[in-house]
Amino acid sequence: WAGGAGGEPSRAVPGAAQGASMVLQEPAGAPSLSTAAGGVGDAAAEVQLSRLRWAVLLLFSSYSLCNAFQWIQYGSINNVFVRFYDVSTFAIDWLSMSYMLIYIPLLFPVAWLLDKRGLRLIALAGSALNAMGAWVKLGSLKPHLFPVTVLGQVICGLAQVFILGMPSRIASVWFGSHEVSTACSIAVFGNQLGIAAGFLVPPVLIPNVEDVEKLAYHISIMFFMTAGVASALFILVIIVFKEKPPNPPSRAQASIQSRPTAEYSYVQSILRLLRNANFLLLMVTYGLNVGCFYALSTLLNRMVIHHYPVRDPKCCFRSVQMQSTKIWGRKHSRGWGTWSSSTERQTTLVVYIMSLVGMIVYTFTLSLGHLWVVFVTAGLLGFFMTGYLPLGFEFAAELTYPESEGTSSGLLNVSAQIFGIAFTIGQGQIMDRFGTKAGNLLLCSILFLGTIMTAFIKADLRRQQANLENEQT
């Protein structure tokens, strides 16, 4: 038995390979999906779920995790790398912001490639660049080789362009209509778990010592481990990652695949997205929320060390991130995705409000001097801010169907990168001049603005409506 688009069970097609897949069959006497779409053959009438979809999703989540780890591995121990390379704090911050800067001009070329060449090419490029950047960093284990580590980080930033727009596309191409929210949440969760690992692992592997040679040794361990994992994942992508399943997994996806290629124009698709008022509102609010998250991720080490200088900064920061990682790891992304399947707008608004509340509480408890309070507030803030990411992707896919999920996700990410750079620089300058509370109040005001704007987004769930109409037909 396989769940249909409307939630009702449908019988498996007789003769299908047992255990290999699940198939939905059109009701007897009803017009076939291929006929409704313009007649493209009997194959389009089958809606089939491939078991390989979970392997593809897990593999993508894994190399996305590795790439996210490399993004924040410098910022989580900012003070250590400042001393090792003898550069300014702002220079180390730019290792994080380089990811954001690179994404902006390359979004449209990569989104065009995703539409024209498909998932497999993009997956190969992203995992290959991720491994290449990790190996380049191994050539930067001397204090005077800071430009080499910048080069490695830039290559990893290029890999990120091939990664961030993939979750909603993988979910739509490989998963059934009742699974897309969960699949998108798991895909995004891999990236967030990588950020959590990027906060936790570097302080564990690299001690806060003055000896430069000892620092180089411990940094090399982290770089070798990262390069080995990234290379293994690239090999697995070559072997396992496929373009798409043999049959479409949902009626909405079957309708898209049955459309002649000549009918699709990438430029026109972008123009249609930019004329969609609800999507434009979501693009701005998503950028505000995720931009705040990027700024916090980059500057969190500096905040904690500023307020707890008496303690060992490494242990203090590690404790905060361990608590955050515990909370993040409780499958919250899957929970948000399952709930949001039928209440996209309400769920998005609730999570946005809770992100604002979490930011306010974190702002006014950071300086109290009680480290356990910071454990809790940082964890709750991370819970809601990272939980918003898969919601944004899925809501965008609903608002913009039948446009490409890669294009809508890419535009959301461009907004996030632009705001992320602005907020990181702005908050960093405010922290230096007026203190951490003033910098955090800036983010509180931004999240308040985003909450108000989110309330004006209408729930125009086009993809769910398409599945419902096809089911009724």
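Including glycine, each Cβ sits where the backbone N, Cα and C put it.
Record features (TrEMBL):
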type	residues	note
TRANSMEM	54-74	transmembrane segment
TRANSMEM	94-114	transmembrane segment
TRANSMEM	121-138	transmembrane segment
TRANSMEM	144-165	transmembrane segment
TRANSMEM	186-205	transmembrane segment
TRANSMEM	217-241	transmembrane segment
TRANSMEM	279-300	transmembrane segment
TRANSMEM	346-364	transmembrane segment
TRANSMEM	371-389	transmembrane segment
TRANSMEM	409-426	transmembrane segment
TRANSMEM	438-457	transmembrane segment
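Within its own chain, the transmembrane segment (409-426) has Cβ neighbours under 8 Å at 93, 96-97, 99-101, 103-104, 107-108, 110-111, 164-169, 270, 273, 279, 282-284, 286-288, 290-295, 298-299, 392-393, 396-397, 442-443, 446, counting only residues six or more beyond its boundaries.
If you look at the transmembrane segment (94-114) against the transmembrane segment (279-300), you find at least three C-beta pairs under 8 angstroms, all six or more positions apart, and that counts as contact.
Counting Cβ pairs under 8 Å that are 6 or more residues apart, the transmembrane segment (279-300) and the transmembrane segment (121-138) reach fewer than 3 and are not in contact. In this chain, the transmembrane segment (346-364) touches the transmembrane segment (438-457); three or more CB pairs sit within less than 8 A of each other, excluding pairs fewer than 6 residues apart. Just going by CB pairs under 8 A, the stretch in 54-74, 121-138, 144-165, 371-389 that sits most against the transmembrane segment (186-205) is 54-74. The transmembrane segment (54-74) and the transmembrane segment (346-364) are not in contact, since fewer than 3 Cβ pairs between them lie under 8 Å (pairs 6 or more apart in sequence). Each of 121-138, 217-241, 371-389 was scored by its Cβ pairs under 8 Å to the transmembrane segment (346-364), and the highest score goes to 371-389.
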